[in-house]
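**Student:** Here's the feature list from TrEMBL:
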- R298: active site (ACT_SITE)
- Q114, H116, E141, H279: Zn(2+) binding site (BINDING)
- 10-155: domain 'Phosphomannose isomerase type I catalytic' (DOMAIN)
- 176-259: domain 'Phosphomannose isomerase type I helical insertion' (DOMAIN)
- 337-377: domain 'Phosphomannose isomerase type I C-terminal' (DOMAIN)
Amino acid sequence: MAMANVDELKRLRAWVQNYDWGRCGTEAQVARLLALNSGADIKPDRPYAEFWMGTHDSAPSFLADGNGEGGNLGLKYWIWKNPNVLGHKVLEKWGPDLPFLFKVLSVAKALSIQAHPDKELAKELHKLKPNLYKDANHKPEMALAITEFRALCGFITLEELKGVLIDVPEIVELVGTASAKQVLDSNKQDGAEKVKYALRSVFTQLMSASKDMATKAISNLKSRLHVESQLRCLTEKEQLVLHLEKQYPGDISVISAFFFNYVKLNPGEALYLGANEPHAYLSGECIECMATSDNVVRAGLTPKHRDIQTLCSMLTYKQGYPDILKGIPLSPYVTRYHPPFEEFEVDRCTLPKRASTVFPAIPGPSILLVFLGKGTLRTRSREDVVKEGDVLFAPSNTEIIITTTSELQLYRAGVNSRFFHAAL
């Protein structure tokens with residue numbers, strides 16, 4: 001195979017995952033993008049959960065170019081044969097593969113209470129249970145809201161947790177008065193490790209409750225909230241817990257929602273998650289980017305395998321509301337989202353009709369998703385008309401000039417620019 005042209009964009013055929021929490025049929029942006037990208041027929045009663053763009057083996061992208069290379073040629077193989085397209089710094093750090101995975105998510109019902117392991121734990125889990133943990137990489141990630149996007153993320157503060165234990169007697173019934181008292185008697189002056197120990201103890205007790213105990217506690221909670229709703233307005237968290245119980249009846253993680261921050265992202269806001277941080281996406285649609293991994297340790301709100309012991313032992317138990325990224329404007333049309341991870345960043349580009357902007361050449365690869373509209377992408381070697389649903393791979397050191405014929409919305413995923421500055 002000849003070496004690739006240094007600045008030639010490659011059209012990609014993306015893949016979807018039909019997890020049962022996805023939006024069904026044409027309600028899902030994932031389904032719309034799939035139909036536009038590959039011409040697939042959309043089934044109205046089938047969930048379309050995730051649109052994957054990248055090289056991960058669970059749903060790899062393929063070249064779609066009609067120049068003899070497309071069809072069944074995987075992007076991963078093509079990069080392996082043409083490693084120069086990554087740029088030498090990326091190749092030196094991560095080898096001949098993309099270090100990031102780019103997705104669109106369409107969430108109809110809650111994903112599992114989960115966390116992603118750090119590199120050390122990922123290697124151990126992959127070695128012990130390769131059928132469940134299918135790679136040895138960590139999976140920091142970022143969700144950038146397309147619509148209003150809701151999630152549970154990280155533990156609430158110590159004072160908020162004390163309020164929960166006072167206001168939700170069903171939790172004390174499950175964890176026991178001794179564990180509850182540990183938290184109620186804690187204060188910040190005790191030191192971070194003691195507070196962390198008390199939180200870890202009470203959370204592990206909750207998640208380890210027997211099925212019978214969980215069923216009884218949830219039944220009691222529902223009955224109590226039904227009565228109280230006649231006398232007062234239920235809190236947002238109480239309403240959420242009742243909603244989750246309808247989706248996952250009898251699941252202990254329904255009650256665990258009281259322990260987590262309830263986050264609502266507006267379109268254009270982003271949430272990032274490091275290793276060993278608990279979270280669950282609840283509803284909405286988002287752009288997601290992460291290190292190239294599919295490692296997930298789950299503990300509830302899922303029909304999939306649960307590994308409660310691993311999850312409870314791996315968490316950081318950091319408390320407090322997560323950072324929300326608003327993005328950094330690079331130009332009137334482009335906003336950049338910088339998570340604190342080397343592997344990735346995301347640019348959001350919104351161009352009005354008959355406007356133009358430039359993505360400067362950078363020393364690493366990019367994947368571009370045309371989310372809405374139509375326009376022209378021009379590099380030194382060629383010009384391509386692109387429209388919504390198109391996915392393109394851009395080699396390193398490729399300057400891209402975008403001109404629109406209609407309003408255009410485009411997302412770019414690439415290696416975090418701070419990585420290149422640090423490598424200087």
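Note that the numbers count up from 1, one per residue, in the order the chain is shown.
Using the three backbone atoms N, Cα and C, a Cβ is placed for every residue, glycine included.
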**Student:** Provide the number of Cβ atoms within 10 Å of the Cβ of Q114 (Zn(2+) binding site), excluding the reference atom itself.
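**Tutor:** Other Cβ atoms found within 10 Å: 24.
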**Student:** Note the mean pLDDT of the domain 'Phosphomannose isomerase type I helical insertion' (176-259), expressed as a whole number.
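**Tutor:** The average pLDDT of the model in the domain 'Phosphomannose isomerase type I helical insertion' (176-259) works out to 93.
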**Student:** Which of H116, R298 (the recorded positions) has the most other Cβ atoms within 10 Å?
**Tutor:** H116
**Student:** Across all chains shown, how many C-beta atoms besides its own are within 10 angstroms of the C-beta of H279 (Zn(2+) binding site)?
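**Tutor:** Counting Cβ neighbours of H279 (Zn(2+) binding site) within 10 Å gives 23.
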**Student:** In angstrom units, rounded to an integer, how far apart are the Cα atoms of Q114 (Zn(2+) binding site) and R298 (active site)?
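**Tutor:** Distance (Cα to Cα, whole Å): 4 Å.
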**Student:** By DSSP, how many residues in the domain 'Phosphomannose isomerase type I C-terminal' (337-377) are helix, how many strand, and how many coil?
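**Tutor:** DSSP classes over the domain 'Phosphomannose isomerase type I C-terminal' (337-377) add up to 0 helix, 23 strand, 18 coil.
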**Student:** How long is the line from the C-alpha of E141 (Zn(2+) binding site) to the C-alpha of the residue listed as 'active site', rounded to the nearest angstrom?
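**Tutor:** The Cα atom of E141 (Zn(2+) binding site) is 16 Å away from the Cα atom of the residue listed as 'active site'.
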**Student:** Cα-Cα, whole number of Å: H116 (Zn(2+) binding site) versus the residue listed as 'active site'?
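**Tutor:** Pair distance, Cα basis, whole Å: 9 Å.
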**Student:** Distance check, please: Cα of R298 (active site) against Cα of H279 (Zn(2+) binding site), rounded to an integer number of angstrom.
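**Tutor:** H279 (Zn(2+) binding site) has its Cα 10 Å from the Cα of R298 (active site).
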